[in-house]
Amino acid sequence: MQTITILGATGSIGLSTLDVIKRHPDKFDLYAITGNTNVLGMIELCQQYKPSIAVMADEKSAQQLHEQLKTLGSNVDVLSGTDGLLQVCSEPKVTTVMAAIVGGAGLQPTLTAAKHSKRILLANKEALVMSGDLFLSAVAESNAILLPVDSEHNAIFQAMPSSVQSGGALVDAGVEKILLTGSGGPFLTKQLNEFSQITPEMAVAHPNWSMGAKISVDSATMMNKGLEFIEAKLLFNASFEQIDVVIHPQSIIHSMVSYSDGSVLAQMGQPDMRIPIAHTLSFPERIESGVKPLDFTQLADFSFCAPDFSRFPNLGLALEASKVGQGATTVLNASNEIAVAHFLNRKISFNNIATLNELCLEQLGSSSPITLDDILELDQQTREVALGLISQL
Ligand code: NAD
Ligand code: MG
């Protein structure tokens, strides 16, 4: 029996995780769920899934949740703020933490889970991009287990031999390349001169996947693939040259591993996050996820091409940052979070997301943070610089 905390339970990945675990009451016991400000969503989840604890990161929302649950006669305990998030990640009876908070806000809870030797199901790629080796060292030092939920990394993990799954070198296992696939998002073939007219509604309408707003915009700019490149480099201890990005618009192949004998192993499935979620929940076993297998007789096209860096400058910025080092990836993650939030609020244009990221990298990208405090300070400094630059754009 695994006892689970779901960070970001009110979000897209959080809800999919609840959908998978409710199918297996004999295997998973829900201890805590966390959210930020969505009180109504949290009340519904408390009533349906009856966790022991519900945490709202936002203090006011926690107060509201507490009062409303009391009125409803619920006995779910409510905690609040960073302390509440850290408490449900360090609680001794918790075996497993689904890390599905969006953005850098997820770093400290996820790192706490690592330090407390939990089985971490990692959806929150920003936490890893932002802290890199510091996070991986915390996992290694405490013998925590880190399993990738991001569909590409989960696919790569599944296509790797067990030696690499448990931390061995790619070359020793005969791995030549990781082929990181991406759909190219909604603007793969849009006229470049129309990019300045892209609205938040157009950007969040992903052709294949249903996801939270931030990752949907990242998919539209292809920053998502850039963050995933950095994530893959870290998770599989790969060099820059060992990873290629391949565009595959249908999102049926979720990524591939190419071996020295010419074999290429792919993981395929419907574009539904319950597949990688179920895989990480049950690894090394398999459980039912609620997703139907593919019917290949019904698949029309299966196409591939190289990414176009002039169309998606954010992808190039991320690849470059991955070469420069931790400072650059911390800066890029923070500036991108500010840029995307301001694009979603109609304060900057779609094209200015990349402009802002580039300016922040120019100013701060050569920093070299070492400790957690260095990383958090650089993250904060970048957010302030980005806000200043936005007012001048
Ligand atoms: P979402 O926006 O749907 O949900 C985000 C969750 O984080 C919510 O529960 C929200 O309450 C919580 N949250 C937001 N800000 C917070 C804060 N400051 N403090 C505490 N909690 C906060 O996002 P999502 O699509 O579920 O994505 C979650 C993570 O998973 C992201 O890092 C994303 O990149 C990654 N991911 C998502 C998908 C997908 O299909 N949705 C696929 C791969 C990876
Ligand atoms: Mg992904």
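Here the Cβ of each residue, glycine as well, is placed from N, Cα and C on the backbone.
TrEMBL has this to say about the protein:
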type	residues	note
DOMAIN	4-132	domain '1-deoxy-D-xylulose 5-phosphate reductoisomerase N-terminal'
BINDING	Thr10, Gly11, Ser12, Ile13, Asn38, Asn124, Glu126, Gly212	NADPH binding site
BINDING	Lys125, Ser151, Glu152, Ser183, His206, Ser219, Asn224, Lys225, Glu228	1-deoxy-D-xylulose 5-phosphate binding site
DOMAIN	146-236	domain '1-deoxy-D-xylulose 5-phosphate reductoisomerase C-terminal'
BINDING	Asp150, Glu152, Glu228	Mn(2+) binding site
DOMAIN	268-384	domain 'DXP reductoisomerase C-terminal'
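For the binding site of NADPH, formed by Thr10, Gly11, Ser12, Ile13, Asn38, Asn124, Glu126, Gly212 according to the record, the largest Cα to Cα distance is 21 Å, rounded to a whole number. For the recorded Mn(2+) site, residues Asp150, Glu152, Glu228 set the reference point as the centre of their Cβ atoms, and the other residues of that chain within 8 Å of it by Cβ are Lys125, Pro148, Ser151, His153, Asn154, Leu180, Asn224, Lys225, Leu227, Glu231, Ala232, Ser255. According to its DSSP assignment, Asn224 (1-deoxy-D-xylulose 5-phosphate binding site) is helical. For the binding-site residues listed here (Gly11, Gly212), the lowest count of other CB atoms within 10 A around the CB belongs to Gly212. The domain 'DXP reductoisomerase C-terminal' (268-384): residue composition by secondary structure is 70 helix, 2 strand, 45 coil, according to DSSP. In this structure, the C-alpha atom of His206 (1-deoxy-D-xylulose 5-phosphate binding site) lies 20 angstrom from that of Thr10 (NADPH binding site). Regional average pLDDT for the domain '1-deoxy-D-xylulose 5-phosphate reductoisomerase N-terminal' (4-132) in the model is 98. Ligand 1 lies within reach of none of the binding-site residues Glu152, His206, Asn224, Glu228, judged by a C-beta closer than 6 angstroms to any of its atoms. When the binding-site residues Thr10, Gly11, Ser12, Asn124, Asp150, Gly212 are checked against ligand 2, Asp150 have a Cβ within less than 6 Å of one of its atoms. In sequence order, Leu122, Ala123, Lys125, Glu228, Glu231, Pro276 are the residues of the chain that are 6 or more apart from Asp150 (Mn(2+) binding site) and have a CB within less than 8 Å of its CB. Taking the C-alpha positions, the distance from Gly212 (NADPH binding site) to Glu152 (1-deoxy-D-xylulose 5-phosphate binding site) comes to 17 Å.
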